[in-house]
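Only one structure is covered here, and it is reproduced in the block below.
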Amino acid sequence: MSATPVTQLTPSSQPQQPCLPLLGASVTELTSWVQQQGQPAYRGKQLHDWIYHKGVRSLTDISVFSKQWRAAVADVPIGRSTIHHRSVASDGTVKYLLQLSDGEIVETVGIPTDKRLTVCVSTQVGCPMACDFCATGKGGYKRNLERHEIVDQVLTVQEDFQQRVSHVVFMGMGEPLLNTENVLAALRSLNQDVGIGQRSLTLSTVGIRDRISQLAEHHLQVTLAVSLHAPNQALREQLIPSARSYHIEDLLAECREYVAITGRRISFEYILLAGVNDLPEHALELSKHLRGFQNHVNLIPYNPISEVDYKRPSGDRIQAFLTVLQQQHIAVSVRYSRGLEADAACGQLRTKTSR
């Protein structure tokens with residue numbers, strides 16, 4: 001998995017401008033870049049440390065560099081956002097609205113649990129998938145996020161909490177597999193530059209044809225989470241419009257191939273909607289799809305939003321669905337979302353400034 005080069009290495013007597021902000025670049029890329037500016041190679045490692053571990057937001061603030069060189073590269077962007085809005089839920093979950101260099105707003109969430117700190121990152125401004133139950137898709141889609149804009153979300157939460165981020169889930173605004181190049185580059189950087197283990201990184205997708213198979217070719221150790229949300233094609237099309245062009249059987253075939261190639265278990269996300277997909281017969285139908293390969297089901301009781309009429313099932317209905325899957329020997333757990341008061345829970349990531 002390789003990141004986009006920081007700069008075209010063309011000879012120049014003037015400090016060269018990287019084609020992308022420096023955040024997201026590897027130590028090798030940064031070393032090549034500083035050498036092109038006439039600096040010794042060891043400056044690349046220093047620059048890497050200041051960007052990823054000291055939180056520098058401008059090259060002019062790196063005190064180990066000469067004032068002359070800092071002035072020469074003052075306009076080279078590192079690629080950090082600014083916090084536009086911050087809201088805190090009673091459970092400690094923090095939702096951030098981050099303003100990017102072009103003025104767009106994206107959302108990220110910091111989720112503290114015991115000794116862990118998990119960050120839920122966005123991969124697009126808005127989302128084109130328009131899932132019927134999700135708040136994010138109601139605001140439309142604008143563009144993909146660049147690699148630095150994804151990595152920045154993690155550093156922002158880490159700095160705000162003053163605690164090392166232990167886990168990152170790509171479950172915020174957007175469909176990651178519609179932004180594969182930047183997502184893969186961000187995964188590389190989070191692993192190798194920020195220092196988060198691959199198995200502590202989770203990539204979520206509703207399923208884009210052929211993209212899961214392509215992801216398998218990278219032999220990553222990240223966790224793949226597939227948003228299934230229905231046990232059959234007709235119901236899935238009702239909830240996820242993009243499913244009309246990608247049959248559930250084809251999606252599951254790609255998932256089986258992914259497990260065979262990577263040896264990694266897949267997580268299936270299943271939002272429980274009262275009276276829609278939460279009946280025992282739905283659970284039984286779901287179980288038949290999941291036999292014969294490594295997987296785990298996360299049941300997610302729905303978080304109601306004002307724009308749609310879906311409701312959260314009762315506790316008894318949730319337990320009944322869970323019991324059927326357990327009786328069918330399917331690995332399953334219930335995941336209750338955090339941060340409800342901050343509008344930060346799964347499916348509620350929405351840019352307030354667009355309302």
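Just so it is clear, glycine is given a Cβ too, placed from its N, Cα and C backbone atoms.
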Site-mate of Gly174, Glu175, Ser227, Leu228, His229, Asn303 for S-adenosyl-L-methionine in Swiss-Prot, selected among Ser200, Ser204, Ser287, Ser333: Ser204
Nearest of the recorded positions (Glu107, Cys120, Cys127, Cys131, Cys134) to Ser204 (S-adenosyl-L-methionine binding site), judged by Cα-Cα distance: Cys120
Cα-proximity to Glu107 (active site, proton acceptor), 10 Å cut-off, over recorded positions Cys120, Cys127, Cys131, Cys134, Ser227, His229: Cys120
C-alpha spacing of Cys127 ([4Fe-4S] cluster binding site) relative to Glu175 (S-adenosyl-L-methionine binding site), in angstrom: 7
Arithmetic mean of per-residue pLDDT over the domain 'Radical SAM core' (113-341): 95
Listed in sequence order, residues with CB under 8 A of Ser227 (S-adenosyl-L-methionine binding site) and six or more positions away: Cys131, Ser204, Thr205, Val206, Gly207, Ile240, Glu269, Ile271
